[in-house]
Amino acid sequence: MQASTHLIKGNLEVKISKRRDLPCFREFKERKSTLTRNLCIRRGSICSGLSSGAVSMGAELARARDNVETVARSLIKFRSVKGQASGGDVEDLAPINPHETSTGTVLPFVGVACLGAILFGYHLGVVNGALDYLSKDLGIAQNAVMQGWVVSTLLAAAAVGSFTGGALADKFGRTRTFQLDAIPLIIGAVLTAIAQNVQTMIIGRLLAGIGIGITSAIVPLYISEISPTDIRGALGSVNQLFICIGILAALVAGLPLSRSPVWWRGMFGLAVIPSILLALGMTYSPESPRWLFQQGKISEAEKSIGTLYGKERVPEVMYELRTAGQGSTEPEAGWIDLFSKRYWKVVSVGAALFFFQQFAGINAVVYYSTAVFRSAGIASDVAASALVGASNVFGTVIASSLMDRQGRKSLLITSFSGMGASMLLLSLSFTWKVLAPYSGILAVVGTVLYVLSFSLGAGPVPALLLPEIFASRIRAKAVALSLCMHWKLRGDHWKKLSLLLIRQLDSENNLRDLLMFIP
């Protein structure tokens, strides 16, 4: 009997969590103390020689054991992922994954959000094949500077869009921001398709850039906030996958150009279709339950949870949101708060992730990829672009399957290590005389491995990781600020590479190499 008592007390000690501040754990501790006192009283009764007490003690122990197991199962059921941000903000990042059959599903709504990622990639890649043809129609075939404006305007506007996307998402909500974002995306696509002069083309690219900048901020944010914990990594990396798909779609859309030079207008006009679908799809998509809860819209949050996870999970997820709210009850932070002593470290980490993503040289490798492939005997620019794009897609698919099993940090280390090794191989293939006979093949292998390594971690992880490391009160603005660093560096790399190549290439010598853009 004494052994059984010690066994129950031992099990109770094992079940006690470190997070003693939560109500469920305080309740659990009180239940443990009460049960322990009762057991001690019963044990005293047995020692007094009352045989009837032994029988009652056995029944009491059975009931106590059942009670303990019930409380333990309750604690396990309400387990959550602890998000620790700078300044002591502790919160649950997202609803836990349901083990029971659920009547809701997040996949259709993730797919709608990824239309924004497709537009992101499509607008980046569409100018690659169309530039030569639109330059002739708009009278800038001999003007490399104006061609540079056509391309770089999108990047500059995207930096502005990403910076404002977070504030819009906080003020209007995630789904409403998507709908507002469709306006510049649609108008920009129409203007670029009907442009009769370079000024109209630049205005269209400016509006499209603002649109894709906003999507770059809110797509990963929305996906992260509606995804169950145990598949958040896989669903988050889908964002990068659909960006790659958008780029490949732009490449495929350019195939008829050789037979119909005016098709470049149709290429830009095609972007209207996913823009309209994005606006319509978000009309029927649920708002982020976390944002609704923070705004005090409890009934709407419950309705959104029912749509996403099923009505049977509404109490459970609302409990988690209330638990998360205990760690951060302050109002939304302002822009100045991001640089306060409390948050500047974690914000710096987010910005550094995108800094190293771009500074690692992905733009330079991609811009020069067609020249590298020509050295190996691959003369087709389309084939070269397809090989780079396919490597990007393949690596992103692998990353999606490993994200939740291997972890974000592990993939980042593997990715940057592979990029370093690939860059070393790429440089040695051109500098070591002993490798001269194989330089073309080695350069292609180095380029493909570099893009593959990039897509395994450095590409998808930063955008996925940012919503997870930022406290809810700074999340949208901090994500937007970090993405602004991404667009700033991407634009700077383009300008430097442009100036370097303009000195080496005349306007008739495949200027497409200069402007090829696949992230």
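Glycine too: its Cβ is placed from the backbone N, Cα and C atoms.
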Quick check on the annotations: TrEMBL lists transmembrane segment for one of 146-168, 468-490. Which range is it?
146-168
Cβ-Cβ under 8 Å with the transmembrane segment (382-399): same-chain residues at least 6 beyond its ends:
128-129, 237, 240-241, 244-245, 247-248, 251, 254-255, 366, 369-370, 373-374, 411, 447-448, 451-457, 459-461, 516, 518
Please work out whether the transmembrane segment (346-370) lies in contact with the transmembrane segment (438-466), by counting C-beta pairs under 8 angstroms that are 6 or more apart in sequence and asking whether there are at least 3.
yes
